[in-house]
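Shown next, in structure tokens, is the structure this report addresses.
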Amino acid sequence: MEEIQSQSENYRSSSSSASSPASRVPSSNFFYLRKPGSLRQPISFEDSPEWEDTDIDVRVEEGGDSINIATTPVSPSLSKLNSGSLPSPPLPEGATAVRKIAGASIVWKDLTVTIKGKRKYSDKVVKSSNGYALPGTITVIMGPAKSGKSTLLRAIAGRLPHSARMYGEVFVNGAKSHMPYGSYGFVEREITLIGSLTVREFLYYSALLQLPGFFCQKKSIVEDAIHAMSLGDCSNKLIGGYCYMKGLSNGERRRLSIARELVMRPHILFIDEPLYHLDSVSALLMMVTLKKLASTGCAIIFTIYQSSTEVFGLFDRICLLSNGNTLFFGETLACLQHFSNAGFPCPIMQSPSDHFLRAINTDFDKIIAMCKNWQDDNGDFSSVNMDTAVAIRTLEATYKSSADAAAVETMILRLTEKEGPVLKSKGKAGTATRIAVLTWRSLLIMSREWKYYWLRLILYMIFTLSVGTVFSGSGHSLSSVVTKVAAIFVFVSFTALLSISGVPAVIKEVEVYTSEESNHHFGALVFLFGQLLSSIPFLFLISIPSSVVFYFLIGLRDEFSLLMYFMLNFFMCLLVNDGLMLVVVSLSRDVFWSTLTLVSVQVVMMLSAGYFRIRNALPGPVWTYPISYIAFHTYSIQGLLENEYIGTSFAVGQVRTISGYQALRSAYDISPDKNSKWQNLLILFLMAVAYRILVFVVLYFRVGNKKSIHNIFKCNRDTTNNAR
């Protein structure tokens with residue numbers, strides 16, 4: 001304890017020198033935002049007034065769907081820092097602000113999260129965290145990297161991964177009930193948007209996928225979301241991304257990802273790093289927008305790593321974490337006072353969030369150790385010699401014994417002593433509606449994504465013309481059989497290989513599905529039906545011109561029924577190949593590994609297709625079975641050759657003829673049955689179905705099989721009972 005006090009005094013002396021009256025320089029750039037009419041004073045906490053608790057009384061109306069929050073006025077010098085962000089007339093002295101809010105309160109009590117192997121020193125990522133979020137307010141979870149911010153946010157929202165275990169209690173409006181669909185929104189840190197849609201189209205399709213009711217009723221909801229997130233100027237602009245040079249800025253993309261959740265009009269909104277990769281102007285605009293959104297009654301909880309002074313002034317409450325430990329929870333100004341009381345006052349020219357992270361981020365110890373070996377004109381690079389671990393222990397011990405921690409416990413008791421209105425689900429769109437909407441959206445995306453359809457069509461046509469001209473002029477004699485077999489093999493095998501060019505577009509589809517499924521917009525079955533129905537027209541548009549050009553350049557039999565079978569067979573081949581791509585991409589969403597895997601699989605299938613060596617002569621058991629039986633090239637080539645040669649004959653000399661089946665036996669192994677080509681087509685269809693069933697299983701277990709908060713509570717109760 002003596003070590004902590006001595007090092008704390010060193011930190012106080014080094015920090016107070018920067019905030020002493022002699023060193024203060026008046027500047028209009030370093031002020032907190034206050035209520036209109038209140039004095040604007042520079043940042044200083046050595047002479048800041050004592051923090052007085054705000055008496056907040058939460059009353060739940062019987063039979064109502066709202067929560068009344070009565071707040072007694074505090075001293076003018078302790079007005080909330082964020083109240084100046086939105087102009088409002090000052091309240092008269094002694095008045096009580098009563099506001100009816102349609103949001104919901106959420107409380108977490110003794111929340112502990114363990115993840116096996118997540119940390120080397122401990123498997124506890126969050127340790128006994130307590131806090132709450134009220135309607136109409138912004139609650140920020142702040143801390144350095146790997147401090148447990150995102151884990152705590154996911155634990156409160158009930159979105160922890162399978163490897164995590166949660167202990168503790170989460171209350172929504174005073175009850176231990178799960179948040180139903182549509183009552184809350186969750187925005188991930190990594191944004192996954194559809195670049196080929198405009199902002200308005202993207203939100204409109206999201207509303208159609210999420211909300212029940214008529215289409216016309218959802219237009220006003222979309223416009224409200226656009227207005228709420230200040231996206232009116234770019235509402236008709238393409239989002240942009242992978243295939244487009246221009247698009248939305250990072251700030252606009254972040255606000256659009258939030259607007260996608262606002263179409264459900266949630267009571268509680270969780271956001272993971274809303275200021276991620278944003279510049280200072282975009283970050284301030286984002287925070288002002290969120291502040292305006294909170295004023296409508298929505299309770300907003302988000303994580304943040306660092307912020308500017310202006311952004312910091314817009315926070316209502318702060319939950320400060322370090323290594324999973326809660327160093328503070330309470331009002332914004334109280335956090336600054338807490339650091340000052342613990343011996344770490346914020347210097348006048350430093351941002352509060354920078355000061356917090358400087359005090360609790362253990363990575364600064366490495367910087368100090370490096371700087372001790374370097375000198376500049378003014379001496380050491382760092383004048384602070386206090387160990388960060390000591391600062392963390394000091395802040396944690398100070399908070400546990402402070403009035404702020406007691407006030408949090410009192411507030412939690414008030415919020416949980418009586419159950420409020422239960423949040424109700426807003427309903428979902430029907431399965432048929434979601435399939436239709438997803439199909440139409442996918443059709444629109446495919447028509448605009450030149451890498452998905454147009455590039456593949458161009459490549460197929462160039463390749464078909466090349467193969468057709470190389471093998472053209474072979475005639476219909478017996479000597480042409482070997483040439484046509486080679487041409488059909490090259491056509492089927494290499495067009496399947498060229499389809500790998502669609503891997504980036506398929507990866508984008510799966511990523512969009514993952515993002516939307518995590519918020520329960522639709523499931524794996526709806527995604528597969530929508531993807532299948534939307535891809536069928538484009539695969540037909542690819543197979544028709546390619547088949548016609550190849551068919552007549554090679555000089556196959558001039559019969560309409562045979563041409564139709566050729567196109568249908570080639571279409572089924574493309575459909576199976578698309579299913580194979582979906583399987584590989586669902587397992588590995590990396591372009592390099594997906595492409596490498598598909599190329600390897602295609603090469604192995606080409607080797608076992610029966611062209612380089614007759615299929616019956618392949619060495620067993622690996623090549624004969626199962627490789628040659630799962631290679632769709634085999635069934636496609638067999639069907640096309642049977643379509644061309646079964647029922648034909650070739651003259652050998654002047655008196656003898658042989659059938660097309662006999663002429664083909666030396667070059668390729670086919671069946672003499674006339675109906676075998678339809679059997680091969682049926683096998684291709686079944687393979688296309690089997691691949692999509694496999695995709696469904698992969699997506700369900702890797703993406704869709706998420707634990708609900710109800711299951712988490714059940715797991716925690718079972719664990720508690722077993723422990724007892």
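Each Cβ is built from the backbone N, Cα and C atoms, and glycine gets one as well.
The region 'Disordered' annotation in TrEMBL covers 1-25.
Annotation source TrEMBL lists domain 'ABC transporter' at 106-348.
With a threshold of 8 Å between CB atoms, the same-chain residues lying at least 6 positions outside the transmembrane segment (453-473) that come near it are 446-447, 483-484, 486-487, 490-491, 494-495, 498-499, 501-502, 538, 541-542, 545-546, 549-550, 553-555. Marked as transmembrane segment by TrEMBL: 453-473 (among others).
Here the transmembrane segment (485-507) has long-range neighbours at 242, 446, 449, 451-452, 455-456, 459-460, 463-464, 467, 470-471, 474, 546, 550, 554, 570, 573-574, 577-578, 581-582, 585, 589, 591, 594-595, 598-599, 602, 605-606, 609, 611, 632-633, 636-637, 640-641, 644, 664, 667-668, meaning same-chain residues at least 6 beyond its ends whose C-beta is under 8 angstroms from one of its own. Feature annotation from TrEMBL assigns transmembrane segment to 485-507 (among others).
Taken from TrEMBL, the feature transmembrane segment applies to 527-554 (among others).
Note on the transmembrane segment (566-585): residues 492, 495-496, 499-500, 502-503, 506-507, 510, 531, 535-536, 539-540, 542-544, 546-548, 551, 556, 594, 597-598, 601, 632-633, 636, 639-640, 643, 677, 680-681, 684-685, 687-688, 690-692, 694-695, 698 of its chain, located 6 or more positions outside it, place their CB under 8 angstroms from a CB of the stretch. Residues or ranges marked as transmembrane segment in TrEMBL: 566-585 (among others).
Taken from TrEMBL, the feature transmembrane segment applies to 591-612 (among others).
Taken from TrEMBL, the feature transmembrane segment covers 681-701 (among others).
Below 8 angstroms of C-beta separation, residues 485-486, 489, 493, 496-497, 500, 503-504, 507, 580-581, 584-585, 618, 623, 627-628, 630-634, 637-638, 668-669 of the same chain, each at least six residues beyond the ends of the transmembrane segment (591-612), sit close to that stretch.
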